Structure formats: structure tokens, C-alpha cells
Ligand code: HEM
């Protein structure tokens, strides 16, 4: 299975997986940061330090990694003709949901920066399970391709 990428196909796939790992690492870290962040008093020096950490994690790791994963994933999909395959439709749905979760996290970081603390620590811990479960399902779909 080579497609238009020819000999670079496996390199592109390796890069796709590397950036998936960066993206997921950020997805696991940010809600953890939120739990520590919301224990601080709005406007305090500690609050400002967490806002800075969250902004850097988003700008340096999360958003660029997600963009590269999407770009390379779509290139791979065109290359392998995945758009006509069942596993890919299911994977795409889950990845869209994961991107939505990413967007929700960015929104929550903005709320925290404004001094709003809407969710309990427990709810944030629960939210932290989302990327883990989604990653397991996506990897099984991409590797096993059960349908
Ligand atoms: C963002 C949108 C994504 C798209 C469009 C996409 C698309 C693809 C495609 C088409 C392949 C098959 C490549 C080939 O065999 O030539 C692939 C492979 C793979 N993807 Fe994605 N992907 C995306 C995101 C993700 C995410 C979020 C994960 C993990 C959480 C992931 C994990 C993998 C893995 C592990 C493989 C290697 C499967 C194998 O060849 O055995 N992908 N991806």
C-alpha cells in the first residue's frame, strides 16, 4: 500500500503517530493543570503562573500538534483511500469528538483565566478520562481495522 506518497508513506505515518503522542500528552496534562489552578485565588501570583503555564502548553504543544495530526492524517487518508473504509469513518467521528474536547478545554482555560471556577475537581478528573478512552478506541480502529 503506497499511493502517491511512494517511499515517504511510512515516514509520514511515523510523523503522524509522533504528533499524536505530543497531542495526547498535552490533552492529559491540561486538565491536571486545571485542578491545581482552580485551587488558587483569582488574581494571585500563583493564579497568574498557572495561566502562563496553560497558555504555553496550548500554544507550544496542544494546538500545533493537533494541526499536524489532522494535516498528516488527511494526507494519509487520501494516500490510502481510507475515505471509503468503515474503520476510518468511525475513527474520524472519534477524532472529531476529541478535537471538540480539545476546544472545550481551551474554553475552560479561558474561563479560569477570567477567575471563573465552574467545575469541581472531581468533574475535571472524570473529564481527564475522555482522551484515554478515545485514544484506546482510535488506536484499535486504526491498527486492527475491525470493519
Ligand atoms: C486527526 C485526524 C486523523 C486522521 C485524518 C487520521 C488518519 C489516519 C490514516 C488514514 C491512517 C492510515 C495510514 C496508512 O495506513 O497509510 C492513520 C494511521 C494511524 N493513526 Fe491516525 N488519523 C487521525 C488522528 C489520529 C489519532 C488522534 C490517533 C490516536 C489517538 C491516531 C492513531 C493512528 C495510528 C496508531 C495509526 C497507525 C495504524 C497502522 O498503520 O497500523 N490517528 N491515521
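One-based numbering along the chain as shown.
Cβ coordinates come from backbone N, Cα and C, glycine included.
Note that TrEMBL annotation is computational and uncurated.
Pulled from TrEMBL, these are the features on record:
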- 16, 91: heme binding site (BINDING)
- 6-30: transmembrane segment (TRANSMEM)
- 60-82: transmembrane segment (TRANSMEM)
- 88-106: transmembrane segment (TRANSMEM)
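Remote same-chain partners of the transmembrane segment (60-82), defined as residues 6 or more beyond its termini with a Cβ less than 8 Å from a stretch Cβ, comprise 1-5, 9, 12-13, 15-16, 19-20, 22-23, 25-27, 30, 88, 95, 99, 102, 105-106.
Taking Cβ-Cβ distances under 8 Å and a sequence separation of 6 or more, the neighbours of residue 16 (heme binding site) in its chain are 69, 72, 73, 76.
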